[in-house]
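Peer 1: Please see the structure below; I have some questions.
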Amino acid sequence: MNDTVTIRTRKFMTNRLLQRKQMVIGVLHPGKATVPKTEIREKLAKMYKTTPDVIFVFGFRTHFGGGKTTGFGMIYDSLDYAKKNEPKHRLARHGLYEKKKTSRKQRKERKNRMKKVRGTAKANVGAGKKK
(Lines of atoms letter the chains of each structure in order from A and count residues from 1; the text may use other names and numbers.)
(Lines give C-alpha, C1' and ligand atoms only; values in the text may rest on other atoms or scores of the structure.)
Protein backbone atom coordinates (compact mmCIF):
# COMPACT_ATOMS: atom_id res chain seq x y z
CA MET A 1 0.00 0.00 0.00
CA ASN A 2 1.30 3.38 -0.99
CA ASP A 3 1.25 6.38 1.35
CA THR A 4 0.51 8.87 -1.46
CA VAL A 5 -3.08 7.58 -1.57
CA THR A 6 -5.45 9.49 0.73
CA ILE A 7 -8.88 8.21 1.73
CA ARG A 8 -11.47 10.65 3.08
CA THR A 9 -15.00 9.87 4.21
CA ARG A 10 -17.91 12.30 4.13
CA LYS A 11 -21.69 12.16 4.57
CA PHE A 12 -21.06 9.63 7.32
CA MET A 13 -24.25 8.14 8.77
CA THR A 14 -24.88 5.46 11.36
CA ASN A 15 -27.83 3.37 10.20
CA ARG A 16 -29.02 1.59 13.34
CA LEU A 17 -31.96 -0.03 11.55
CA LEU A 18 -29.62 -1.99 9.25
CA GLN A 19 -26.74 -2.22 11.80
CA ARG A 20 -24.23 -0.44 9.60
CA LYS A 21 -22.29 2.76 9.04
CA GLN A 22 -22.61 4.21 5.56
CA MET A 23 -20.52 6.91 3.93
CA VAL A 24 -19.29 8.49 0.73
CA ILE A 25 -15.62 7.68 0.16
CA GLY A 26 -13.23 10.03 -1.61
CA VAL A 27 -9.88 8.62 -2.74
CA LEU A 28 -7.09 11.00 -3.76
CA HIS A 29 -4.45 9.28 -5.90
CA PRO A 30 -2.57 11.93 -7.92
CA GLY A 31 -0.49 10.52 -10.75
CA LYS A 32 -1.52 6.95 -9.99
CA ALA A 33 -4.03 4.46 -11.35
CA THR A 34 -7.35 3.85 -9.60
CA VAL A 35 -6.80 2.21 -6.22
CA PRO A 36 -8.13 -1.39 -5.94
CA LYS A 37 -11.22 -1.91 -3.77
CA THR A 38 -9.36 -4.44 -1.61
CA GLU A 39 -6.81 -1.78 -0.70
CA ILE A 40 -9.57 0.73 0.10
CA ARG A 41 -11.27 -1.85 2.34
CA GLU A 42 -8.02 -2.50 4.22
CA LYS A 43 -7.40 1.23 4.79
CA LEU A 44 -11.00 1.76 5.97
CA ALA A 45 -10.64 -1.19 8.33
CA LYS A 46 -7.63 0.51 9.93
CA MET A 47 -9.46 3.86 10.13
CA TYR A 48 -12.58 2.41 11.77
CA LYS A 49 -10.81 -0.34 13.77
CA THR A 50 -12.64 -3.30 12.23
CA THR A 51 -11.95 -6.18 9.83
CA PRO A 52 -12.08 -5.81 6.03
CA ASP A 53 -14.64 -8.64 5.64
CA VAL A 54 -17.51 -6.50 7.05
CA ILE A 55 -16.69 -3.55 4.75
CA PHE A 56 -18.47 -3.29 1.40
CA VAL A 57 -17.34 -0.62 -1.10
CA PHE A 58 -18.91 -0.03 -4.50
CA GLY A 59 -19.88 2.53 -7.14
CA PHE A 60 -16.45 4.08 -7.63
CA ARG A 61 -16.06 6.62 -10.43
CA THR A 62 -12.79 8.33 -11.32
CA HIS A 63 -13.16 12.04 -12.05
CA PHE A 64 -12.07 13.45 -15.39
CA GLY A 65 -8.32 13.98 -15.47
CA GLY A 66 -7.72 11.29 -12.85
CA GLY A 67 -6.34 11.74 -9.39
CA LYS A 68 -9.68 11.63 -7.58
CA THR A 69 -12.19 8.80 -7.25
CA THR A 70 -15.43 8.80 -5.28
CA GLY A 71 -17.65 5.91 -4.29
CA PHE A 72 -19.83 4.52 -1.55
CA GLY A 73 -19.00 2.32 1.43
CA MET A 74 -20.77 0.47 4.21
CA ILE A 75 -19.33 -1.02 7.40
CA TYR A 76 -21.57 -3.61 9.04
CA ASP A 77 -21.56 -4.38 12.77
CA SER A 78 -21.17 -8.10 12.01
CA LEU A 79 -20.92 -10.43 9.03
CA ASP A 80 -24.40 -11.86 9.78
CA TYR A 81 -26.03 -8.46 9.27
CA ALA A 82 -24.04 -8.00 6.06
CA LYS A 83 -25.25 -11.34 4.69
CA LYS A 84 -28.81 -10.42 5.59
CA ASN A 85 -28.87 -6.90 4.09
CA GLU A 86 -26.37 -6.83 1.21
CA PRO A 87 -27.49 -7.76 -2.33
CA LYS A 88 -26.40 -11.20 -3.54
CA HIS A 89 -24.09 -9.85 -6.27
CA ARG A 90 -22.06 -7.86 -3.73
CA LEU A 91 -21.81 -10.87 -1.43
CA ALA A 92 -20.62 -12.92 -4.42
CA ARG A 93 -17.78 -10.43 -5.01
CA HIS A 94 -16.60 -11.12 -1.46
CA GLY A 95 -16.99 -14.88 -1.91
CA LEU A 96 -19.83 -15.09 0.64
CA TYR A 97 -22.54 -16.25 -1.78
CA GLU A 98 -22.55 -18.95 -4.44
CA LYS A 99 -25.43 -19.09 -6.90
CA LYS A 100 -26.50 -22.61 -7.75
CA LYS A 101 -26.21 -23.06 -11.48
CA THR A 102 -28.69 -25.23 -13.36
CA SER A 103 -27.69 -26.58 -16.73
CA ARG A 104 -29.02 -25.02 -19.91
CA LYS A 105 -30.92 -28.20 -20.77
CA GLN A 106 -32.69 -28.24 -17.39
CA ARG A 107 -33.73 -24.60 -17.77
CA LYS A 108 -35.13 -25.25 -21.25
CA GLU A 109 -37.00 -28.39 -20.15
CA ARG A 110 -38.54 -26.51 -17.22
CA LYS A 111 -39.57 -23.63 -19.50
CA ASN A 112 -41.22 -25.99 -21.96
CA ARG A 113 -43.05 -27.87 -19.16
CA MET A 114 -44.38 -24.56 -17.86
CA LYS A 115 -45.65 -23.61 -21.34
CA LYS A 116 -48.03 -26.57 -21.28
CA VAL A 117 -50.04 -25.37 -18.25
CA ARG A 118 -51.80 -22.13 -17.35
CA GLY A 119 -52.39 -20.10 -14.20
CA THR A 120 -51.46 -21.28 -10.71
CA ALA A 121 -50.58 -24.78 -11.96
CA LYS A 122 -47.34 -23.28 -13.35
CA ALA A 123 -45.94 -23.08 -9.81
CA ASN A 124 -46.41 -26.84 -9.33
CA VAL A 125 -44.86 -27.68 -12.70
CA GLY A 126 -41.99 -25.19 -12.19
CA ALA A 127 -41.11 -26.68 -8.81
CA GLY A 128 -40.29 -30.01 -10.42
CA LYS A 129 -41.77 -33.42 -11.13
CA LYS A 130 -43.49 -35.24 -8.28
CA LYS A 131 -42.33 -38.79 -7.62
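Heads up, the Cβ atoms here are built off N, Cα and C, so glycines get one too.
Values in this document were obtained by computation on a predicted structure and should not be read as measured data.
From Swiss-Prot, for reference:
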- MET1: N-acetylmethionine (MOD_RES)
- THR9: phosphothreonine (MOD_RES)
- LYS37: SUMO2 cross-link (CROSSLNK)
- 90-100: compositional bias 'Basic and acidic residues' (COMPBIAS)
- 90-131: region 'Disordered' (REGION)
- 101-119: compositional bias 'Basic residues' (COMPBIAS)
Peer 1: For the compositional bias 'Basic and acidic residues' (90-100), could you work out the same-chain residues 6 or more beyond its ends whose Cβ comes under 8 Å from its Cβ atoms?
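Peer 2: Answer is 53, 56, 58, 79, 82-83.
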Peer 1: For the compositional bias 'Basic residues' (101-119), find every same-chain residue at least 6 residues outside the stretch whose CB is under 8 Å from a CB in it, and list them.
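Peer 2: Beyond its ends, the compositional bias 'Basic residues' (101-119) has Cβ neighbours at 125-126.
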Peer 1: Could you give the number of helix, strand and coil residues in the compositional bias 'Basic and acidic residues' (90-100) as assigned by DSSP?
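Peer 2: Summed by class, the stretch gives 4 helix, 0 strand, 7 coil.
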Peer 1: I'd like the number of other C-beta atoms within 10 A of the C-beta of LYS37 (SUMO2 cross-link), please.
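Peer 2: Other Cβ atoms within 10 Å of LYS37 (SUMO2 cross-link): 16.
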